[in-house]
């Protein structure tokens, strides 16, 4: 490993006179072919770099919880935390959709209106028109997907900037929602029905929550272990076993504590299970599949993606469809929580509160507005922060006006942190 | 080296943009294991010629021969299918992806859609080692690489499809002295693997350092073809600037016939 790299005389200035310089074809190990341990250190260092953001958010979340607990000791009660775990789902699902769009360096401003539209479409179809619930749910989600395709078409094929397309969409779909509800006003949905059960149903059996916690921990451990074995077999740097154990241990502690807390109220909420499933699936698709790689590539450089043969337009349309679909799905959870669809909530959806919460959740968790960086898991952290603040302020009876200002301020802070991260990365990136 | 027939031969390539005649009857040949530098002032038609070869903007007239047989290059796909790889000046990398991700972009190794990261990383390491490319790690985002390292990664990416001709558009333009030296090493390394390389460059130093021959374009026409081992820098420069217009124009003919 210590063979020296022969220095070529003259260098680029070509002082070595006429004639092609004879190439030295011996392998010339340079910096990188050093030993494995240096590598391991380097890799560990870079992992830590990548984790600094989430650790900061977790610290922030803990501070928020301590502050609200100090102000009102009901905040960390199993009941409130259990409700929190259900409340995060509607916004969280919408935010996962936002992540897909942010990854390709675009934005979808219509998600709040689309979620309102889905709730209204479901209520009108099921309650007013007597369509079976399951069919109304499918139609409502399909409406979201179609709306996303509509936005995607205008953006990807006609070249209208996404923010304008979806800003127009914000108004159009909100108008359509009000129009649908116009004749009947508030529509109450069946409190025993499928959609209502999305947020009201809990798995009463303690085993359910623990099983999910155990499954998640074991799944993480097995995946990490398998990755390690394969890397080791291929003679490449790999994560050390103790590190895997520590990570698994932390994950186990968090998930079993959460399960225990949920079991002290009504058990594992159905909504939370769905949310976690969506997170696991979308994270897998984005991180581990060929398709997901294309999504990240688009966020990193459209021209590079195009030259690599990626169908840029199709991926773009698909991302807006994902965003519309998840917005509609999240909208059903919002309607479920309210057990109604009404012009008032539709107007609220159009006012952008849900949109701002969803974008804030994605960005706080570490998904970049500048494209190509982030993951669905970032939403879990971000939406916990956002909903904890909302829930705490609700408990304390803080008025809407103040809540708006605080939520807006949190979004601004998150975006500023994102921009700063990007700047420091750019500075460090190109020495 | 002379024993090889040309991999790629262009004859009488012409290209017109509206009223501007960008290329007029340009000839160019390149053999396996040879570096041909393409020199010329700004607007001489170097980039237009590259785009004609890479299929981005096909020529209006002229003949392209690939390994002795007549071919058409109408689209980038045609050039790619023949085995012509191009590294553009802007590199076109995804800054957020790591080196492995960029190397395999668009040709990922997968099993039913699921990426085989281990295999891709292994091959990426092998490639970096085979080309003696020095980067800190194949798992860091390319945004964290220096300009020279990015250029090296871009070149190795273009080699992934096992091409026979490599077009490099001003690869050293943005590099410092040390990085340029590394890049020239890399070009030689690639050449020694039997690749035919067309190197567009402004830099006489680079040309003298790695090229075997240098073809000069001036105002869209051939303005000289020199053997780098016998030509002086002044001769190239006078061909580039047009100080030797007539004399060289005559020489071109003679030279072209002399090449088998």
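Glycine is no exception: its Cβ is also placed from the backbone N, Cα and C atoms.
The shown structure was predicted, so the numbers you read here are calculated from the model rather than taken from an experiment.
Per TrEMBL, region 'Disordered' is recorded for A:1-31.
Sequence annotations record features per position, and here TrEMBL assigns compositional bias 'Basic and acidic residues' to A:1-10.
Annotated transmembrane segment per TrEMBL: A:53-71 (among others), in sequence order.
The transmembrane segment annotation in TrEMBL covers A:83-104 (among others).
Look at TrEMBL and you will find A:111-128 (among others) tagged as transmembrane segment.
Among residues of the same chain six or more beyond the transmembrane segment (A:134-156), those with a C-beta under 8 A of the stretch's C-beta atoms are 106, 108, 110, 114-115, 117-119, 121-122, 125-126, 162, 165-166, 169, 173, 194-195, 312-314, 316-329, 331-332. Here TrEMBL flags A:134-156 (among others) as transmembrane segment.
Counting only same-chain residues 6+ beyond the ends of the transmembrane segment (A:163-187), those with a CB under 8 A from a CB of the stretch are 106-110, 112-114, 116-117, 120-121, 123-124, 127-128, 147, 150-151, 154-155, 340-344, 346-347, 349-350, 352, 355. Residues or ranges marked as transmembrane segment by TrEMBL: A:163-187 (among others).
Under the heading transmembrane segment, TrEMBL lists A:207-223 (among others).
Positions annotated as transmembrane segment by TrEMBL: A:244-262 (among others).
Long-range Cβ contacts of the transmembrane segment (A:268-286) within its own chain (Cβ-Cβ under 8 Å, at least 6 residues beyond either end) map to 82, 85-86, 88-89, 92-93, 96, 99-100, 103, 197-199, 201-203, 208-209, 212, 216, 259, 262, 292, 295-296, 326, 333, 336, 375-377, 379-380. If you look up TrEMBL, you'll see A:268-286 (among others) marked as transmembrane segment.
Same-chain residues lying 6 or more positions outside the transmembrane segment (A:317-336) and placing a CB less than 8 Å from one of its CB atoms are 89-94, 96-98, 100-101, 103-104, 106, 108, 110-112, 114-119, 122-123, 137, 140-141, 143-149, 151-153, 155-157, 162, 189, 195-200, 271, 278, 295, 345, 349, 354, 358. According to TrEMBL, the feature transmembrane segment maps to A:317-336 (among others).
Beyond the ends of the transmembrane segment (A:348-370), by six or more residues, the same chain brings 53-54, 57, 90-92, 94-99, 102-103, 105, 107, 109-113, 115-116, 170-171, 174, 177, 330-331, 334, 377-383, 385-387, 390, 404, 407-408, 410-411, 414-415, 418-419, 421-422 to within a C-beta distance below 8 angstroms of the stretch. Per TrEMBL, the feature transmembrane segment maps to A:348-370 (among others).
Cβ atoms under 8 Å from those of the transmembrane segment (A:377-396) belong to residues 54, 57-58, 60-61, 64-65, 67-68, 71-72, 74-75, 80, 83-84, 87-88, 91-92, 95-96, 99, 279, 283, 357, 360-367, 402-403, 406-407, 410, 414 of the same chain, restricted to positions at least 6 beyond its ends. Among the features that TrEMBL reports, transmembrane segment is placed at A:377-396 (among others).
As annotated by TrEMBL, transmembrane segment applies to A:402-421 (among others).
Cβ atoms under 8 Å from those of the transmembrane segment (A:111-128) belong to residues 90, 94, 97-98, 135-137, 139-141, 143-144, 147-148, 169-174, 176-177, 180-181, 184, 187-190, 193, 195, 323-324, 327-332, 334-335, 340-341, 345-346, 349-355, 358 of the same chain, restricted to positions at least 6 beyond its ends. Same-chain residues lying 6 or more positions outside the transmembrane segment (A:207-223) and placing a CB less than 8 Å from one of its CB atoms are 244, 247-248, 251-252, 255-256, 258-260, 262-263, 267-268, 273, 276.
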